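Pulled from TrEMBL:
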DOMAIN    A:61-275  domain 'ABC transmembrane type-1'
TRANSMEM  A:7-27  transmembrane segment
TRANSMEM  A:65-86  transmembrane segment
TRANSMEM  A:98-119  transmembrane segment
TRANSMEM  A:150-173  transmembrane segment
TRANSMEM  A:194-216  transmembrane segment
TRANSMEM  A:257-276  transmembrane segment
Amino acid sequence: MQALPWLLPALVLIVGVVIFPAGYMVYTSFRDLSRFGKDRGWAGFENYVRVFGLDPLPTVLTNTVVWTVGTVVVTVLLSLVLAQFLNKKFPGRKVLRMVIIVPWAASVVMTSTVFVYGLDPFYGIINKFLVDVGIIDEPYGFLKNATSGFLSAMAVAVFVSVPFTTFVVLAGLQTIPHDVLEAASIDGAGKVQTYWSVVFPMLRPALAVAAIINIINVFNSLPILKTMTGAIPGNDADTTTTFMFKLIQNDRQIDTASALSVVNFVVIIVVIGVYLKVVKPMREVNA
Amino acid sequence: MAVAVATAAALGLAGCGSDSGSGSGGDGENVSLELLVPIYGDKTKPYWEQLVKDFEAENSNIDVKLETQSWDDIYNVMTTKMQNNKPPDILELDAAGPAYATDGALYKAEEIVSPETYEDIEPAFIDSAKIDGQAYGVPTVASTRALFYNKTLFEQAGITAPPKTWDELLDASKKISALGGGVYGYGMPLGSEEAQAETSIWAYGNGASWEKDGKMTIDTPEAKEALTFMKKMIDEGATQPNPGATDRTPLLDVFIQGKIGMIEGLPPIVGQINEKAPDLDWAIAPSPTKDGEPVTLGVADYFVGFNKDEDKQESIAKFLDFFYQQDNYVKFNDNEGFIPATKSGAEAAAAKPELKTFLESLPDAKFYPATNPAWGQTSGAFKSDVGQIETKSVDEVLKSIQAKADVEG
């Protein structure tokens, strides 16, 4: 109790920034809101019933899994390779390290918009390039159908997630003491064996942080899909996040969208819980 | 009834002088007006900033707080404001503005402008957004759609006159598409940006209506015939590839680049083409319809005044009258390239030849049933679903839109 005055600022911050908004979201999901935003009273579980009755929901949930797992796995794999490379000494390493930050530093909407223009079949520079080098015969509308649009958006999601992940892994690599690596080589471990038995286990905490932050980020990502696949009709290229957005903007169902966002919130908490439980990424390394 | 009670309450409050600031009393009371307007283009914000400044110079006791929002955001901003019970005093919006009257939140149209101003406005536009016979919105700008066509491509394809009927349109489009080289006959934007507009032009061209007796009527034989013909245009290669996922603005750029034969457009496009591609040889013709009967989609935006039980009605009227003064109003329309909604403004616009086709199509313009509270979600359903006619059956698409339109909100 004595500590309370010292904890107060932190508590106020947590209540104000985390608990209140989350609580308000849950509260809204149990209200009956008109399409113009007027609160018409208690709705019970009606909004939730409506969410689980939405026809596109199975497609959207599948998309969300593909989107999150696909993007995070590819991002982490690429980052592991890239970080290993950046950990070597070579001329121009500093410059390269800076350059790799760019996709991360740039606004996601801007990056996605650049790709939207680049992939346009009429005047897109990427399309023109692919035609000129002969990979495709004529310009292709990459963002004009759900499958290729969704995959293109995933590629951009990987592109913007790689820098941060690489730097987290790179930081992890730099915490590995040199004598451990030396000991491994004295014991006769080859390069592959050293990596999988010594380096990789010691990267666990860094990978845990990178994976969790990426899962949350990618799962909740709206701008990439909104910018790149927003024009595609139907819900075949929607994740729960973009679907929620369409429920508000196109269908004007604020209350249904609130219920869906609570479901979204629960899903992400469960996913992270399972990840922590099964992968135990925070476990101490016993060499 | 609710409005009458609210007005009475407002008057009562004002009698007590409860919310006067410096309390100079009477006409000199300080009033602050919140004004929320959408951004049409680069000139919108500077225009309003200047207008507010000029107005405040003449009316020192009225403080106008200007807020501008993009068309993408303004609906969400309004929803949030309504949720928090903090609407602006004056709002400019499409017919979704007058629709707030169903929540009993608005002054009547004749309460927010002087009788002289009200008289000057084209009655057709006032009628376009009435709710149960009562107008709540005062029209600010109006526009109709017409067919923009590329004369050079027409010549190359051997087409002598712009199409008037659907069959002529299909025929001409196929001829232009056959030219090849990345050139396509008809630009059909069914992407989420404004799919409801393209669909309405076609459906209205076949006598369809989206509303009957207060109910949304989407899945009708007329609409089905129209969408079936649109699908035929797509299937026979008369349109650009993937119309279902093509947004309007980028497609207009393709027309401006000279690679699309025909596309439906609005008056402001005239200025855009003149600016971006002065060499393009183009012209405007009335929108083709099934039998050549003249009809096209009309859209108007409106001012509405929110009745917040504060004594602001007079100040709102003062500001709007100032806006509708000939000079201010004509400048507004010139900036945005729209057709003025006042009689005096239309006379000024008639002098401009490029607006001729649009002005002539005004009497035949058919508006969205946008005052129906269900129109918002219906229009949203068009945006998200109608593009699917490319891959799904017309029946299925119309049924899904009808279902979304029928959801009780």
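Residue 1 is the first one shown; counting continues down the chain.
Glycine is no exception: its Cβ is also placed from the backbone N, Cα and C atoms.
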(request) State, in range form, which of A:7-27, A:65-86, A:98-119, A:194-216 has the highest count of Cβ pairs under 8 Å to the transmembrane segment (A:150-173). (result) A:65-86
(message) Which sequence-distant residues neighbour the transmembrane segment (A:194-216)? Criterion: at least 6 residues beyond either end, Cβ under 8 Å.
(response) 68, 71-72, 75-76, 79-80, 161, 164-165, 168-169, 171-173, 175-176, 180-181, 184-185, 268, 271-272, 275, 279, 281-283, 285, 287
(message) I need to check the long-range neighbours of the transmembrane segment (A:257-276): which residues 6 or more away from its ends have a CB within less than 8 Å of a CB in the stretch?
(response) 22, 25-26, 28-29, 31, 33, 47-48, 50-51, 68, 211-212, 215-216, 219-220, 240-241, 243-245, 247-248, 282
